[in-house]
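Here is what Swiss-Prot records for this protein:
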COMPBIAS  1-10  compositional bias 'Basic and acidic residues'
COMPBIAS  40-62  compositional bias 'Polar residues'
COMPBIAS  598-617  compositional bias 'Polar residues'
COMPBIAS  642-655  compositional bias 'Low complexity'
COMPBIAS  1088-1097  compositional bias 'Basic residues'
COMPBIAS  1104-1134  compositional bias 'Polar residues'
DOMAIN    114-177  domain 'LIM zinc-binding 1'
DOMAIN    178-238  domain 'LIM zinc-binding 2'
DOMAIN    483-546  domain 'LIM zinc-binding 3'
DOMAIN    837-1038  domain 'Rho-GAP'
MOD_RES   SER690  phosphoserine
REGION    1-78  region 'Disordered'
REGION    586-683  region 'Disordered'
REGION    726-759  region 'Disordered'
REGION    1078-1097  region 'Disordered'
REGION    1104-1150  region 'Disordered'
SITE      ARG884  site 'Arginine finger'
Amino acid sequence: MSQRDAKKDGLLYTTNGVSPTPPKRIPVPSRQNKIEENSTTKNFPHSRHTSTVAGTEGGSSLSRRHTSAESRKALPNQQQLAQSGLLNKEEQQSLKRSDTSVFPKAVRKVSSSKICASCGQVISGQYVRALGNIYHLECFRCHDCNSLVASKFFPIDDPTLNKQVPLCETDYFRRLDLLCASCGMALRGYYITALNKKFHIEHFTCSLCYTVFGPNDSYYEYEGKVYCHYHYSTLFAARCCGCDGPILRQFVEVYRNGVSQNWHVPCHMIYKFWNVKLCQKTSIETSKKKDSELSQSQLRKREKHLEQKIFHIWHALSYFEEYTASCISDMLLLVSNGEFTKSVICAQKFIRYIEILFKGIDSLETILSSFHAKSMPYVREAKLLCKKLVSIFALLAKCHNSDIRDVAIVQDFLSLFTGLAHYLKLLIRISLTGGLRLEQDHACKHALPQFLQTVEEARFVDQEGYDSSSFDMPLNLANASSDLCYVCHSALEEDCVLLGEIRCHIGCLSCTKCKYNNRENYDWARWNNQTKQIECYLCYTESSNVSNDEPHPSFEYVSRLSQYIYLLRIALVRLYTILMENNDSSQRKPLSVDPKQENVSSTVETAKQAETTASSDSFRKYANTLNDLRHLKSSRNRKATSNETQSSSNSTETSKLSKNVSESGKDKSPHWHSHGGSITGKSIVEQASSPLERRMDAFDENRAFTLDDIPKVISEQRNREHRPNAFRHMPSYTDPSYRKNSGAIYDKNDGTQKGLTPKSEDAPIRYLSDLSNLELLFTKHVAVLILHPLVRDYYSLDELMEMSDLRKGGFWEKFGKAFKGKDAEKKNVKKKGTFGVPLEILVERNNAQSTVGTGVGVKHIPAFIGNTLAAMKRKDMSVVGVFRKNGNIRRLKELSDMLDVSPDSIDYEQETPIQLAALLKKFLRELPDPLLTFKLFGLFITSSKLESEEERMRVLHLTICLLPKGHRDTMEVIFGFLYWVASFSHIDDEVGSKMDIHNLATVITPNILYSKSNDPVDESFLAIEAVHLLIENFEKFCEVPREISLLLDDPTLFYNNAAWTSKELYKRCEEIISQMSLDERNTPKHTASTKRKRQPIRRVTTNLTSDVPSGSEVADTNSLSSTTKDEASPNSDAQPKPQVKPQHAVIRDS
């Protein structure tokens, strides 16, 4: 073969065994190599190294590209090349001619002393030259996975070996954290980071289907895996306790009965405001099965419909509550200012609101009757609501010329307005329940939306001022016979028939000629205008005086609720007529008005400013508190509305998908993610405030003035009336400047505390429920020392210390206990169940956090008590005999057994108020240690024996401080509830529970305060008197006594673990008592707002830009870099990438 042919084929042969000049390599890359080079040039540089192979001694040399597999095979000789068919005929002939050539007999062998840098052995065959060393072909392997990398490798500095080591492509990209978590291949271009993993864009899919998440799609995480909306909703999403829909975004977590319940935010607000769940238990069991049977589009449509329904319910009813509550507030404010005429205009607007609600209830009732379903129980509540409003009109007519500062009149007004809010709330709940029952039981989908649309008509009611010209009711309604039946002349307070201005009972319809009467139907009745009589259809047509061409007037049906509205209008017109006749009401000056009221209400025209008199008017105080609350919430609402656009643009959250959702809490919580972006060179910033999230702000319970706020403010006003001195220097709980921890005033000299100079207007009010365990122990100790001088005739100091569990046992007492069994004291203690279990165990095992009562701290009470009181608050507590009657004894036994087995097994809403009250008494009666404890029974009885009322109050107050924390928190919640129940004792002459504070104390005392001994001395009357004082002044007894509170404010008390002896505490207490007077102090009832737990909506962005430089950039920088950017975390965790210089590995033969 000629030299020319050899160059042509890229082959070089030698006959003397000495290798000539190495052949020139002519690389011919394959198509696959071309594609790889093109892709890597654009996205990521990597070295593609070629190998030069030299034949063994006496053979031919071949220079071409080698793969890692080919490098393991021996080079072919001439015969093998000829037989392989790779050469054409000319090349085969050339090989034959070369075979005929004569080789020298003596062949010169070259000895080699090359050493492999990896194994240290002598290289006698093929070898690789790379990284400045030579290796056996089989020894040149990846440092991480030990695979052959002679064909292509990536050098990297190894800090442990202090030299460069070769890596394969996979391990190199693994060290750079640039491997796809799905396919395991290198990431050379755009990628997505999610769940702390990286994915190719086309590989970021659902774990159960092939849904690819685009830049603006949402994904859901569960147990480290990614799911689409459909599979997460049907398989793993937590269910809402209200609607049983999947929880995919924000939610509220409620800990109840030892179980954590998850709620949608609007579902929880609907349940909290009206105690209504949107889904029944029967449908909850099959909801997941139904969801799995739906397609993705059907599931999306169903969820969208559910979301719209929930929002429609909340929006319509919450706004209706706000309108009605504001109207009630305006009405009472006008009455307090003496603006009686304007108050009538305000009442006219309130009647229109009621008319809208009654119209919606009638529409639901009509649909229920078409399905022959059970009617809604709305009659009693609607009747009591109208009676209270009529009573307000009667009271205004009675006292419009008299002094309205009379305490009895003030209390009557407060009770009536409390009843208005209470019964209006019940009617909203009843109507909502009826609409949901039609939808779920009878598949009537249009009933509830129709009712909500009717309620939304309240926004069209005139919202302007209360000018006297706005009164548009006909004055002829003031006639004496306008509210009577036309036939029987009796009161018409039920459904009736109407023809023009004639109204009569359906049962009173009777033909004056033939005496026909049908009490079930009224279609036959006609009105004869000539005779002014009611006739049947036959008598009416047979009459010669009636022309056939004339229309035949027939009666129309008037529902019961429509008749109630008609009666309210009559009462209002009569009041308006009285006020017009006595023109004094429109000219009299308003009672002393606070100038601050001018800017309080935007809907009420305040009276002219007058000087504030020294004597405080009760209505003016109430109006200040109520309108401060309205102003606070309305300003918050206006601020949120005006800043909605700004917040939607500024409240942005930028992060990559790699950001972990650590705020979401538990693994079972839904992790909802969204990533967005476009192929630009920068990170994408996506707004986190989507329309749904902005709409979530509407579910803030503190943004609107509701019917629940009215009883709270009225309760505060009553407390102010009973104890004005306690509230003289205390701000209202609606004052934003009010804080729990206001500092006490100390007189210091050279850093040493000389004494305390308390000021009544600045002294903080502490509550027993807010104290820490150390402060409670200190309070008990000091209370015993203060209590001893007051009861020294009855108990010694040691006996008081033993009552409060503060006395440490002596030697003989401990010696005697050593002989007792370990379970001697606890052998009869029941630990499982609900009834008969000690209160401390119930609180520790399944407590409910309650904010009812005074103070801002959370009170830990048994879950049963929390559920029972919450259910009773939503009931009608004006039922006669509540807490006095024993209820159904058999049902009580069934309920107690069910609660012992499973606390969640009963539905409190299905029980009557009397049954729930009896169940609560049974629970208290069966406590092993009563609520007020056996040990302190004597102190409570002793307090009732003291002659001085001031001493009785002090002894009771200090005795309360000695109660265990669980007993005291439970007592505070129960007594606060009983105080509220007593407000329903007398609503009017016919309605009321007749259970005032004394009657409640009489029936509850045998269950909470009794002696352990069988002493024949009957002390039940003394116990009742003690409990009566506790209920009547429960807010005062929830405070820390003033002298103890000042001690707790001492900064040196707990400084450096200061240890006080009893004598030091007693001496310190005497110093404080000598400096201050013990006047009565109290605080307004303050209810802490319930915080809503939000699940953070994770907003992430996809970095779709290629962070990998091109090949030319690598040539300039001689480095490889791959960075991941996280806009949400400025301090990125990106690690420095190793410097890589492209090199060629040369494979030779030794």
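Backbone N, Cα and C atoms are what each Cβ position is placed from, and that goes for glycine too.
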Under a criterion of Cβ-Cβ distance under 8 Å and sequence separation of at least 6, what residues of the same chain contact ARG884 (site 'Arginine finger')? MET995, ASN999, VAL1003
Reported in the order helix, strand, coil, what are the DSSP residue counts of the domain 'LIM zinc-binding 3' (483-546)? 6 helix, 18 strand, 40 coil
DSSP puts the residues of the domain 'LIM zinc-binding 1' (114-177) at 7 helix, 23 strand, 34 coil
Mean pLDDT for the domain 'Rho-GAP' (837-1038), rounded to an integer? 86
Counting by DSSP secondary structure, give me helix, strand and coil numbers for the domain 'LIM zinc-binding 2' (178-238). 11 helix, 20 strand, 30 coil
